[in-house]
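Enquirer: Copying in the features that Swiss-Prot gives for the protein in this structure:
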DISULFID  Cys24-Cys122  disulfide bond
DISULFID  Cys52-Cys162  disulfide bond
CARBOHYD  Asn101  N-linked glycosylation site
SIGNAL    1-23  signal peptide
Amino acid sequence: MARLCAFLMVLAVLSYWPTCSLGCDLPQTHNLRNKRALTLLVQMRRLSPLSCLKDRKDFGFPQEKVDAQQIKKAQAIPVLSELTQQILNIFTSKDSSAAWNTTLLDSFCNDLHQQLNDLQGCLMQQVGVQEFPLTQEDALLAVRKYFHRITVYLREKKHSPCAWEVVRAEVWRALSSSANVLGRLREEK
């Protein structure tokens, strides 16, 4: 019995081993959820991207503001948290549920909720440790403006199937970018 308890304790510790040196401890499952969310986004595709070429739009993803090379490790958490929250806002809207397979959408949103909880846990660890530098505020504002452009686009296109397909592909790009940021920061460890 003692060995079983020791084994379970080791498993618990390993599952919360930091995934990167961000000034906080993200559980290993955070990266797995991110990969799963990307996979779910691919599975959610309902239309061929070729059929929606006329609806494509450059939303101006703020790559330079989100790039791990440009922001410090501790600044990455609020930016990634904002990015995740904004994606969740789009996919939990009432108009979103009509556009997607409900099972895939629910799984996707659940993964995002868990990622957001991980990131917010890190934010709580950072409270009082650092003030938000101006570059971080710029990055947060750039992320908010980016998602505002996406929301306006969906409204202008009346949440059409092609508009949702364009947004799905764009969100995949944003989530991929956040995974790349975490990967680069982990390499700096």
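Don't overthink the numbers, they just go from 1 along the chain as shown.
From the backbone N, Cα and C atoms, a Cβ is placed for every residue, glycine too.
Keep in mind it's a predicted model, so treat the numbers as computed, not measured.
So where do these features actually land, and what's packed around them?
Expert: Residue environment of Cys122 (disulfide bond) contains 22 other Cβ atoms, counted within 10 Å of its Cβ in all protein chains.
All protein chains included, Cys52 (disulfide bond) registers 17 other Cβ atoms within 10 Å of its own Cβ.
Long-range Cβ contacts of Asn101 (N-linked glycosylation site) within its own chain (separation 6+, distance under 8 Å): Met44, Arg46.
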Enquirer: Taking the Cβ of Cys162 (disulfide bond) as the centre, how many other Cβ atoms fall within a 10 Å radius?
Expert: 17
Enquirer: How big is the Cα-to-Cα gap, in Å, between Cys122 (disulfide bond) and Cys52 (disulfide bond)?
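Expert: So the Cα of Cys52 (disulfide bond) lies 39 Å away from that of Cys122 (disulfide bond).
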